[in-house]
């Protein structure tokens, strides 16, 4: 179709599909959930500012993903998982992708600066720089700790959300940063275990390639054990969230640790690695959802009623047990 200035496409729909793959929409959705969680926690309920922040933050994340794909096109060609992506397959040219990334970055900064504040806009741009400069350019091909240090880029979206909502960064925002920072290694290393051969073929020194599955599983468990208490700091001592979030974070954290223990017991099991990777995504999604629900007054009303009902049932069972015990002693 000559009206479309991109090779290897037969229709506009195919062009749009390729550009959608270029920005990695699933990753963006997960990152934006952390932005939303931070804004819910901060108490911002302005729908317009909320929507603009998610749109601007999503554009910044998309720009970073596109630049990353341009830089990594050579190794993507070597990996089975990535060789069909738009750049290594030749469906999109690098210069078109970079132009697209530049437009996204400028639009992101403009939206956030005009409709939220300069701090949020600057943090979004910092996220691009850290992801591209620190992770993609510096660490990804040189250090097995690449995802640990470079993972700071993925922890910036909640800072953007908090800054957009309040115009500043409080301790709660930095706890959110730490939470995502500690969540990233278990999430990414579980995937790296599954794709170990791919990374080895491309010469990328991911931890499972350099150290093997068992040491990687041990590191995953360590980060999971650190993550859970950090997630509870939002309840105490910060008192930003309440009992509903506390229960959700404790349950989700316990399940994450259990999944990590299972992987450590069977570090070569693809099933265990897949289970951990899937649950790590679900963990973050549900945890951020719990942040939003905890800030909703109706949630606390229903939660308190549920706890009161459980206490009533427990008291009734206790009274019944005592009554049966008394009858038994009389008999």
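Just so you know, glycine gets a Cβ as well, placed from its N, Cα and C.
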Per Swiss-Prot, the range holding transmembrane segment, considering 126-146, 147-167: 147-167
Criterion met for the transmembrane segment (147-167) and the transmembrane segment (241-261) (at least three Cβ pairs under 8 Å): no
